[in-house]
Amino acid sequence: MSAENSTSSGTAPGDRVAIGISFGNSNSSIAVTSVDDKAEVIANEDGDRQIPSIISYVDGEEYNGQQAKQQLIRNSKNTVAYFRDFLGQDFKSIDPTHCHASAHPIEHESTIAFTIQDKEEGDPSTVTISEIATRQFRRLKQSASDFTGKKVNAAVITIPTNFSEKQKAAITKSANDAGLEVLQLIHEPVAALLAYDARPESKVSDKNVVVVDLGGTRSDVAVIASRGGIYTTLATAHDYEFAGVHLDKVLEDHFAKEFIKWNTTDPRLEARSMAKLKLEAEATKKALSIGTNANFSVESLAEGADFASTINRLRYETIARKVFDGFSRLVEGVVKKAGLDVLDIDEVILSGGTSHTPKIAKNFAAIFPESTTIFAPSTTPTAINPSELQARGAALQASLITEYESEDIEQSTHPAVTTVKHLTNAIGVLAITGDESKGIFTPILSAETSVPARRTIHINVPKEGGDVLVKIVEGGSHIKVTKPEPKPKTNGAKDDSDDSDEDSDDEPEEQREKVWKVGSVLAELAVKDTKKGGKVEVMINVAGDLGVTITAREVGAKGGVRGNLSAP
Amino acid sequence: MATHANVNLPLPILPTGWTAEKEFKAIGKLSAATQRSIEPVGPHFLAHARRARHKRTFSEDDRIQAQENAKKVEDDDSGEISEPEDPSMLLRDAKDWKQQDHYAVLGLSKYRYKATEDQIKRAHRKKVLKHHPDKRAAAGGTEDDSFFKCIQKATEVLLDPVKRRQFDSVDERADVEPPTKKQAKDGKYYKLWSNVFKAEGRFSRTQPVPKFGDEKSSKEDVDAFYNFFYNFDSWRSFEYQDEDVPDDNENRDQKRHMERKNNNARKKKKTEDSARLRQLVDQVMAGDERIKIFRQQANASKNKKKLDKELAEKQAKEAKEAEKLKAEQDKKDAEEKAKVERESSKKSKEQAKAAVKKNRRVMKGSVKDANYFVSGEPPAAVINDVLADVELIQGKIDADETAELADKLRDLKLAADIKNVWSAEAKRLVGASKIKEGDVKTFV
């Protein structure tokens, strides 16, 4: 009780028990960090790690998760589903499509509500969206409390990147009402990225990451520049036309047609049959992500007729191609929107339940060059379960900030701290290849690095040692497209970021590679009397006002050269 | 940020003739930057935020962080176990260890039952370093090791969880005396009592113990507190105060007797302790303003319900009465109206009757004036016939027609005119088939 009262003012850091919550339209999940700072997604009392975001009422008793989902068949009027995106919106701007087979949203005192029979007796009551979300949070909190044995009172919650301030306020209020202090709201793609970067084997580096979050009712893609562990979102795209339900729809139609062949009625015309069809189609889709064959069987699908059938993965991939292609186009579009090329992307992270589908990861692998790592269960064995990424990221963030006073968190996430300058061009040093005397640009700081920033590199000296020149330049990358000869020659380029397709043997494809163009020279430094086989350490420190400090010294030697460039 | 990337391509050789002051030549400046928002997530962002908020550079931040980390280790080592030692305590004899305050001996008297095992170990080590008999001897003191034995005994008790619990059970120095009424005045009531129950809570088997709270605590919290302390599950036991049981080789009966005695004493003390706590809770509850307020609130809401109900009943009764009154009034009004109507209709009827009579008289008079339509004295049979006709016609026509007919007849003097009028009337009635043609004898 005392925790619920004090959540608005913030719990003292010592009394906090914080979890990470991923609260989605279709599913929610909760994660905690264990003693060794490993995030772990926890199961609710039914044993589900993906808890359907559905609340259902039967005779005044509340059901949540998978149990509530089953109620969509028999008790759809008192079952509220797919409501996350309604939070903080007005009735005009919501899309109630997905709620068609459950309780329908209605306009109620400038907010959205559902009319449901949530008490054993009496008239149906009108429950606002905020209250529904609070009830969902309460269930999640309860599950987490049962698991940890401590009363959970704080959380980091993930939200889509396009949530408005009003929606953020609404989700915070709902969580507060459920007795959860919202430590921070973090963006879903960043949470997914954080979950991957927190693995012990991952190193802090400069990379461009595409986070593809394929959910049940919406798909979100974000291009994130990760620079020394600091994340900047470069571009985002949101799509409501290609998502998990659309894959379900493909299967529903497929099996409905099959059913009509044997029985004369169309199961899609009757609400209850449709609900059964939908649930089983989703299960079949999930089964097809794991095995190559899946069963589809529903008892009494329509007019008392049972239905059983099988489908193999190939067939599924054929009939669902339109949706898969939609995902691919979405990803390509957002990379372009960020002003990047697919060759600039170092990692693709697949997140969200729909990402389990192997074909999607395969399609993405075809879009991006081979050097790009696609983090999906079907392409990378070490990939983290895409459904759990966001909750894990949130839990990691929760463990990081749970020690801070809420005031500190607020100050740290203030735009004055988060809005900083980003480099437009890469900064690097000119090196030479073994035989050429022409400079080769070697980036030290990549473009889109937030300042202040500091990077250090170690660079070889020529074989014989002696005096060397360190030339600091700005550099830009561009994509070089070489049309090969009619007869494609063997891979001559050394750059391994070549887009070399094995299956295009007969038709020549253009070779695309990323090349650096040397821009304006910033400074020159001389490091004298280097030893044979030695290394030179070059450190570039860019201050918040874009002033640059450059230090160069031989590794192991004292002193070194140091110089400043004033801010522009 | 000690990580660095390795580049395998070599650096170019310094061109001959390249010179610069301090080997550094600034040539260009960075091109303009774009403003973007970074995501406030992850350990590296927190480092960034720390630097930004404290306006530190990378190297400053590295240094400060390193210092802080180093300091933590140091703190752990030194500890805050540095209490001044009571000179009288140093003279203690280890034989009467039951009476000694083990926490004070180790310099942990401000932690007491809260002291962790680690703290006890470190405190012990610190004391040993200081009070070891060899050290004393080296410092030129006596080789008296009695306090050192006290330290060893204290450590032995406190590091054994069972013995420590026994000692904590009777460690009255950790108790907080309940405040007197005078002390608890001026709003200090909650603070003082809160400390008392914090200390009492240490004996609870169920942890954490609900807090006493303050004047703003909710009813649930306060109820939870009192429920907890009225059903207090205590691990407190009183073995520590047992009398020494004699050795085995002495009288066995004596030994058993002592054990029984001890057991009974323990039980008695335990009951006394429970009673004491109960009394304490009674005392605090009696003085707790919050309970009174909650009761008042409950009463108020109860009374409100009652009053509301009464009001509603009263209103309903009034409404019913008003309705009844109105209904009665209506009935009365209707009756009066009906009476008036009835009376008025009686009058008019009488008038009409009188008029009809008068008119009939006029009619009969008219035939009489016409001398029954014969010249000379009319014979009785003629009079009879004429009058029969007149009566027949009179009987068939209503009051209005009677009046009309009487008007026509009133001023006529000639027998022929009168007869014409009668004949016309008779014809009309025959036409209206009110009388048959043969019925009228005279007015044909």
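Yeah, the Cβs are placed from backbone N, Cα and C, and that goes for glycine too.
The annotation compositional bias 'Basic and acidic residues' is assigned in TrEMBL to B:57-74, B:307-352. Feature annotation from TrEMBL assigns compositional bias 'Acidic residues' to B:75-86. Annotated compositional bias 'Basic residues' per TrEMBL: B:254-269, in sequence order. Summarising the annotation, TrEMBL assigns domain 'J' to B:101-171. For B:51-86, B:242-274, B:302-360, the entry in TrEMBL reads region 'Disordered'.
In this model, the domain 'J' (B:101-171) carries an average pLDDT of 84. With DSSP states grouped into helix (H, G, I), strand (E, B) and coil, the region 'Disordered' (B:302-360) comes out at 59 helix, 0 strand, 0 coil. Applying DSSP to the compositional bias 'Basic residues' (B:254-269) sorts its residues as follows: 16 helix, 0 strand, 0 coil. Note: the domain 'J' (B:101-171) comprises 52 helix, 0 strand, 19 coil (DSSP; helix = H, G, I, strand = E, B).
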